Amino acid sequence: MLSTRQSQIRGAGFAAAKTVYSASVVASGSVSGRYFNYLSQRRLFHQSQQSLGKIKVKNPIVEMDGDEMTRIIWKFIKEKLINPYLDIDLKYYDLSIESRDKTDDKITVEAANAIKKYGVGVKCATITPDEARVEEFNLKEMWKSPNGTIRNILNGTVFREPIIIGSKVPRLVAGWEKPIIIGRHAHGDQYKATDLLVPGAGTLELKYTPADGSEPKTLNVFDFKGAGIGLAMYNTDESITGFAHSSFKMALSKKMDLKLATKNTILKKYDGRFKDIFQEVYDSTYKQEFSKIGITYEHRLIDDIVAQMIKSKGGFVLALKNYDGDVQSDIVAQGFGSLGLMTSVLMTPDGKAFESEAAHGTVTRHYRFYQQGKETSTNSIASIFAWTRGLIQRGKLDNTPDVIKFAETLEKVVIDTVQVDGIMTKDLALAGGHTNRSDYVTTTEFLDAVEKKLKSELKL
């Protein structure tokens, strides 16, 4: 049903339609009643579009603009698929590399804090500069990844989920019929490790000095007979606990089984800590909720789960440590067809902050063609889904079903444009073995096709 606020906005004429819809609820105990209920809800959704103006999004969404070809696509998406249909307050932050350099990256921190304040953000792909980019843009310094900055401020977990199109985009792993969502604990481990080159014979030790002044602990790591390498890494109970909460919440929201994979048989204390904390959090907080909706949680060895994943039909959330998640998310993306068909969402342990974006980069090569005035055929699907996933989360938080319905309709339209109409960009055509120029459309032609189909679906 529509919210009270939206009923007020849309006026007395809409109230009459609501009365008809409410009457259907009385009959909804029967099959015919439920069907009439569905038809009424769908009709009211179309009426709200056709006769009564844009859909009101109750609370703001933080919008973060990006770089290069994805920035061009982002603008088209807003103009064609978002602004014409939604009355939405977008809190805009320009996270282009030029803007980050101009503000000494303060704009990224401000955007992250805005997501904390408003609860939902949608982000365009951005450049993470290397030495070549520093020279290209004459940057003050090599700024950190904005994704990493936002993730650290929100203390969230990144989940990557494939967008399943259908037979028009063949899956390399043909048996995967349902999504596999990869949750990566993007904190610590190898990515914050201290490593060294050992120049020659000697002893490598690991020392812990307690802050309370008690006796230090020293462990012998290895006695080198010659040159070699060494590494020390860490994680924290607080971060692992947050990762666990985010993972259980994601599984509940998707109504999917959750699996944690580690190598605790080898790293008995390190990986064993992940296993123990997840089990404690599950038993104390989520076990009853999981049982209520018929989903399960289990821990598996990483090598076991990888083999089982390939044989499975999909349909589960897989929580992984930092490195494992980094690797497996790309494997899953390619297995489902393309990295261009992968969404990425950041969720905080308390569920109060959510950010969505495409999992791919800024598509620099296509942007160079665009700058030269040449034709481009850039896949915009993951960027569109960055918007829809943010809108769905906003609708859930605000209890506005028509916002959720709009976002889900847009997702269906995008998939049907490819699967039913056979209209797709070059990367998807090539994935299906189609190499002729007539097999694919340009960047804007694809978005035009989605726009046309969306209008038809909404009966505008």
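The backbone N, Cα and C atoms fix where each Cβ goes, and this holds for glycine too.
Automatic, uncurated: that is what TrEMBL annotation is.
Per TrEMBL, the feature domain 'Isopropylmalate dehydrogenase-like' maps to 60-450.
TrEMBL lists T126, I127, T128, R133, K311, G361, T362, V363, T364, R365, H366, N379 with the feature NADP(+) binding site. Counting Cβ atoms from all protein chains shown, H366 (NADP(+) binding site) has 24 others lying within 10 Å of its own Cβ.
Note on I150 (D-threo-isocitrate binding site): other Cβ atoms within 10 Å of its Cβ, all shown chains, come to 24. The D-threo-isocitrate binding site annotation in TrEMBL covers T128, S145, P146, N147, G148, T149, I150, R151, R160, R184.
Here TrEMBL flags Y191 (among others) as site 'Critical for catalysis'. All protein chains considered, the CB of Y191 (site 'Critical for catalysis') has 12 other CB atoms within 10 Å.
The secondary structure of K263 (site 'Critical for catalysis'), as reduced to three states from DSSP, is coil rather than helix or strand. Taking the Cβ of K263 (site 'Critical for catalysis') as reference, residues of its chain lying under 8 Å away and at least six apart in sequence are, in sequence order, D271, L301, I302, D303. For K263 (among others), the entry in TrEMBL reads site 'Critical for catalysis'.
D303 (Mn(2+) binding site) falls within a helix when secondary structure is assigned with DSSP. Among the features that TrEMBL reports, Mn(2+) binding site is placed at D303, D326.
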Count, for each of the binding-site residues T126, T362, the other C-beta atoms lying within 10 angstroms of its own C-beta, and report the residue with the smallest count.
T362
Between the binding-site residues T128, T364, whose Cβ has more other Cβ atoms within 10 Å than any of the rest?
T128
What average pLDDT is reported by the model for the domain 'Isopropylmalate dehydrogenase-like' (60-450)?
95
Between D303, D326, which of the binding-site residues has its C-beta surrounded by the fewest other C-beta atoms within 10 Å?
D303
Which site among R160, K311 has the most other CB atoms no more than 10 Å from its CB, taking these as binding-site residues?
R160
Residue, out of the binding-site residues P146, G148, whose Cβ gathers the largest set of other Cβ atoms within 10 Å:
P146
